[in-house]
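Report on one structure; see the data block that follows.
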There are 4 protein chains.
Amino acid sequence: MQQSTHDDLIQLRRDLHRHPEPAWREFYTTSRIVEECERIGVDELLVGPDVLADGERNAVPDDDELQRWHDRAREVGAREDVLERTEGGYTGAIAILDRGDGPTVGLRVDIDGLLREEATDDDHTPVREGFRSETEGMHACGHDAHATIGIGVLEAIKESDFAGTLKVFFQPGEEMVAGGKPMAKGGHLDDVDALLAVHVGLDHPTGEIVAGVGGFLAVHHFRADFAGTPAHAGGKPNAGENAVQAMATAIQNLYAIPRHEDGPTRVNAGMVGGGTATNIIPEAAFIEGEVRGETTELMEYTRERAERVLDNAAGMHGCSVELSTVGEAPSATSDQALVDIVLDAATENTDVDTPTERDDLGGSEDATYLMQRVQEHGGHAAYVGVGTDHPGGHHTATFDVDEESIAIGVDVLTDSILGIDDQEQ
Amino acid sequence: MQQSTHDDLIQLRRDLHRHPEPAWREFYTTSRIVEECERIGVDELLVGPDVLADGERNAVPDDDELQRWHDRAREVGAREDVLERTEGGYTGAIAILDRGDGPTVGLRVDIDGLLREEATDDDHTPVREGFRSETEGMHACGHDAHATIGIGVLEAIKESDFAGTLKVFFQPGEEMVAGGKPMAKGGHLDDVDALLAVHVGLDHPTGEIVAGVGGFLAVHHFRADFAGTPAHAGGKPNAGENAVQAMATAIQNLYAIPRHEDGPTRVNAGMVGGGTATNIIPEAAFIEGEVRGETTELMEYTRERAERVLDNAAGMHGCSVELSTVGEAPSATSDQALVDIVLDAATENTDVDTPTERDDLGGSEDATYLMQRVQEHGGHAAYVGVGTDHPGGHHTATFDVDEESIAIGVDVLTDSILGIDDQEQ
Amino acid sequence: MQQSTHDDLIQLRRDLHRHPEPAWREFYTTSRIVEECERIGVDELLVGPDVLADGERNAVPDDDELQRWHDRAREVGAREDVLERTEGGYTGAIAILDRGDGPTVGLRVDIDGLLREEATDDDHTPVREGFRSETEGMHACGHDAHATIGIGVLEAIKESDFAGTLKVFFQPGEEMVAGGKPMAKGGHLDDVDALLAVHVGLDHPTGEIVAGVGGFLAVHHFRADFAGTPAHAGGKPNAGENAVQAMATAIQNLYAIPRHEDGPTRVNAGMVGGGTATNIIPEAAFIEGEVRGETTELMEYTRERAERVLDNAAGMHGCSVELSTVGEAPSATSDQALVDIVLDAATENTDVDTPTERDDLGGSEDATYLMQRVQEHGGHAAYVGVGTDHPGGHHTATFDVDEESIAIGVDVLTDSILGIDDQEQ
Amino acid sequence: MQQSTHDDLIQLRRDLHRHPEPAWREFYTTSRIVEECERIGVDELLVGPDVLADGERNAVPDDDELQRWHDRAREVGAREDVLERTEGGYTGAIAILDRGDGPTVGLRVDIDGLLREEATDDDHTPVREGFRSETEGMHACGHDAHATIGIGVLEAIKESDFAGTLKVFFQPGEEMVAGGKPMAKGGHLDDVDALLAVHVGLDHPTGEIVAGVGGFLAVHHFRADFAGTPAHAGGKPNAGENAVQAMATAIQNLYAIPRHEDGPTRVNAGMVGGGTATNIIPEAAFIEGEVRGETTELMEYTRERAERVLDNAAGMHGCSVELSTVGEAPSATSDQALVDIVLDAATENTDVDTPTERDDLGGSEDATYLMQRVQEHGGHAAYVGVGTDHPGGHHTATFDVDEESIAIGVDVLTDSILGIDDQEQ
């Protein structure tokens, strides 16, 4: 990669890092992506409702919250035309290079930030170098680097002799496992012959590449709202129907859902709360939680048991319960044919010390929706890990990426796409 | 009562109603009380740290929160000298009339509001008449009327032939059962021969007086903070120590504390919460709750069991737990000698349809600290109920007092104080 | 009382003490009662199905268990004709003296023993004096003395100038709160003008009489059987539906049923169990428990909540639950008119040091069914406590009665019945 | 195998089937094994305390229970000299053939039955053919066939040209995972170069052989006894310390022990109980349960968490808890070198349709103690599965073995032992 390109990519990554935006609020981010794609000169650029299947978005914030981030994006320079097309939270984009006959290759990068505070210490590079987050969120999982890699690959392929079609999917809302499903169902993956998804870090240092990440846990992220009847806790305890008792009974029994013979499952009641005052029998309570499984079936088993627990915990305490889906993602696997191509590209790259064939994620990712969609239509998919030195763990305040790894990611992915092209000829 | 006085009291009550302030934040309220006391011309007026025993205040908000309300009080006209003396949350006041030899009589009124939103409908009198709350709180328990009655009684006794000393205790922080203890321990009750406390409403309509309210449940209001260890819920569930599991186990077992042969007890986990994200094993959780008993002993029995539950629930899940007292109040009884005097005063008052000797509160009140203090020093105490039509229940958005009852309260209490005076001569 | 009569009664009591029989198995006991009634010469003696309302007996043991006790009674000398009439567990008897015009007075005594082992130490009188229990049960609540008092009163009234009708109800199955209901519904109480029930001890020493015992807690004694699905705990944990998890969830939530503003309630999961092997997901589990309330309404409130808990605990774990009633008893009160008569009789008795008007039982008793039945038909009822020194507490291995108290009980009850007779004349 | 030998083995198996004996009560079984070994003419035969390490036996029944089975064994013909040596539950035997220089090879077979009733239907072969169980137990897991295979192999090797030493370990108490540890620690395995263990069935039909069974879950089988304080549930609920509440809290939280990132774990509260009467706050309760893990470390993780739960559940309810170990077994693996030899033997056997290299047990087995002991001393071990058609599942009333598989097992194991011998030459 040319030094000038590399420097530009780092500037882009730092700009995105300064403006982390959570799910369905990636207004500034989308605007910057649009600017870059137009600069490069893509053949087609999809932005807005066309990118995401109708009615498939979960966990969309209310209008006030959307408006607040929309306004903020405008203040920091988002383009009016992009703001207009993404109104209502239709963030993300699909950029298409049409280079004639040849395979249709997809690259999926996610673009959202997390709602957590970034470290303020001087030994945290974004602080020292002046690009610490300016919103209430943080790019604590490297999606700023992912978006940047997407732009880098677009530019590199544009300048290459690639024959065929390249689609780069800039996906919103991965942290809530909310964006993958509507993007997968949007139809733009159905003609993709080979899909690559990418993630930096994952405890792999700069110079490592994992050609085929697997071990995705299927996940269902839910919210349960219990509604009971309040009463004065001193005077009329019998008149209440206690939503906090329902919630506590549910928590105890959720964690006690039986393990499954077929493989690992997980349950977590990760955010809970209820009640308004110590002297009132609590009228409302909630559990926001998740179930996971090594396979989609194992996740579904756990989910069914969880729903049975939640329903009966409510009924036991005279409460009703409303369940809603916040996000979800299936399990998926990386196809060997693609893994081989990526492994070759990594092996030939002199900046890669340790090309690795396979490793497990041990977590969840909604890229699996896109991978599954491609595989259902007869294509192949692989999830590629790009090592990066990261001082703090993913999702922590001191997470940061080693910017050298961005160029490595761009190069390996570009070479992999060219490798796919070669093979299809 | 003269119409002009009555009108003035209603204006005062409405002014206080417009500015409800929660525990330790009654800066504007205290300022208004000071103004009224100075207008009346009391002999001594205690404001600030002298009113409240050192180190006995629980549930004092942090400096930011105190400052916010302090600033707000200044903006709406609180006097600078009062603001200075109440800085740090030393709210409330004691007004003293010294009328020579005779008994020392105390009157306790509480002055704080609740943190809840007031109704906005036009059929809610404060809306229609333009004195709806202007803060984020609400006088939803009639303490605006109580403070006003305190001023009314001061003025009436000032103009009477009362001989002796009258102390009116304008107590802060009753809603958190936090203000009674430091005021009781402040020393100004130790020479009181007879103490009257007053509450409006309590499901008694205008025209009813309860001479001796009893059935106070002793209460302990606590907060338990559980601290565990976070971990990724998908990747390393075993590495976490789950504070939400500790909390849920505690909730289930708190409600299951055995009933007691000696009388009613109560437990409530009224506000609970924990966790930060669905995919993180929760590191922190809390329970803010209360235990009560018909007697202080019954409350203490329940409290000991509750602490055993909280400690072991934490230990079971590898967490620590920190317990703190938010508020507390003992049980107490109204002395027959005083009840008789109040009953006589009520019976002779032509606005009182239904003088009642005794009724039960069935809740908690930290006036009991003051009553107990007086009784321990050989004096008598009675808690007087002043009926008032209230459209909504106590602590609800549509609570309001029938302002006619303010004059009734002032008259019956004034006559009771004069009755005490007569008896002691 | 004549010494010879007294001695006979003590011999009778010791014979009954040697042969304690639990609910519906009082075959020998009923036979002995029949013998005594025939010796005295009663006018009518009801034994067998006529005594107990059809279909109202709960907790009847299975045929094998009944047969075992039936055989045993025959071995130790029960009369064949009585054994025939009581077959199938129709134990108990009603003895009637018809003495012409006058009130119909009832006396209820219970006759069953408990299934627990008696002390074996020499300082336990039944051991030393050679009348320790010869069955697997024990008269650990004094019902041997009650039956004896019933015989003593019959004999004394027979020899008195009583005018009217006396019915003595020898009730089976009180310890299971199972015998009161079928006897009450049997119809033989409907013409009773005044009913006395009697209990010895209750922490009152010899020489005390309580004329009107009250404070009966209404009780419902239930059994819940959970049925799930077994599975190998190591190989297929997911294939099971765990009845022990259902049971544990139910226990936790039963004890946590909210207290009631109107008075005391109680819950106890007194006997529980489940599962067959450590490596099998438990297929079955049970809770045998009880709910109580100061009033029948409070008991019913608690019962409804308990059933909601049990149903949902089963549903939560994919189990079914079957609920059955083992026993029950309402609350009841002693009528003042009768209490006054008994108090007079006690006061005039020189062996009574401490006649007491009223005291609380603080437990449950199915005499309340009989009392309620009489009261519903316009009669009066009182439950009389006859003090007796008892070395161990009720239901413990060292319980015993001071035999001197038997004569006191007979005398006071006889005099009370004569007092009723006098008043009605 | 010769037909006559085959018939003899089937007669032996049926005799053992008629006399199933549970852990430490295999008196008749041991006697029969001794008879067979003496008939064959082994060089050394260890019976009694020498076979089992001192103080390492768990779950030994009390003297009455041992005596009852001891007496029964005598009645059905056990030899007096064997009964004498096995007194106190020192059951099992080790038979040794010493054939000069060569490897020391071990074969482990378990010999105990289960305490469960056998089917009574005519289509159950043991019923139809007249060898249904005559004790209260059943050979529902095929250990009758295992012991028979042990005898068959001894005889076959005796008649072969095997050079070296063969030790056959007839192990008691496998069903309680109680016998493996004391036999492993007895010292007789320390010189074994190659150990084979064998199990029939495991859902493999007749004609299948699994050369190396793996996937043993390490297991810890525990008993927790909770001790609290009883009290009258109606009169003094507060005076009790409720062991059933402690038990229920423990059950809920045991099942909720977090899953582990490193592999499967299991928890089961398989047998639980508590309380004595519905109106007594339960004084005692117990949980007999197990924890498992794919590795010994995973089992230990779960065990530590379980003990934390049990301790704190007791403490929470004012109870004490006593923990005891009923049985345990580590995880283990089959060594490839031995698996290869067995696979060769199976492949060459014409009665074997399906030689399989490896399969998972998915349960627990205390043969792992013996395997581990051999491996720690530098030897190899393999656990061999011998397919058999079994109409009902293992541990069910209709389990039975296809007797044709006994000869296959003897042949394959004999050939494997000869194969080991060949390789070592």
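Counting begins at 1 with the first residue displayed.
Including glycine, each Cβ sits where the backbone N, Cα and C put it.
Automatic, uncurated: that is what TrEMBL annotation is.
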Name the one residue among B:Glu175, B:Glu241, B:Glu357, B:Glu424 that TrEMBL lists for the same Mn(2+) site as B:Cys141, B:His143, B:His199, B:His395. B:Glu175
Are there any residues at least 6 positions away along the chain from B:His395 (Mn(2+) binding site) with a Cβ closer than 8 Å to its Cβ? List them or say none. B:Leu114, B:Arg116, B:Ala140, B:Cys141
Looking only at the domain 'Peptidase M20 dimerisation' (B:222-314), report the model's average pLDDT. 96
Using Cβ-Cβ distances, find the residues under 8 Å from B:Glu175 (Mn(2+) binding site) that belong to the same chain and are at least 6 apart in sequence, listing them in sequence order. B:Pro22, B:Ala23, B:Asp112, B:Gly113, B:Leu114, B:Cys141, B:His143
Cβ packing number for B:His199 (Mn(2+) binding site), 10 Å threshold: 27
Taking the Cβ of B:His143 (Mn(2+) binding site) as centre, how many other Cβ atoms lie within 10 Å? 28
Shell list (Mn(2+); ref centroid = CB of B:Cys141, B:His143, B:Glu175, B:His199, B:His395; cutoff 8 A): B:Asp110, B:Asp112, B:Leu114, B:His139, B:Ala140, B:Gly142, B:Glu174, B:His394
Check the DSSP secondary structure of B:Glu175 (Mn(2+) binding site), expressed as helix, strand or coil. coil
B:His199 (Mn(2+) binding site): secondary structure state under DSSP, collapsed to three categories: strand
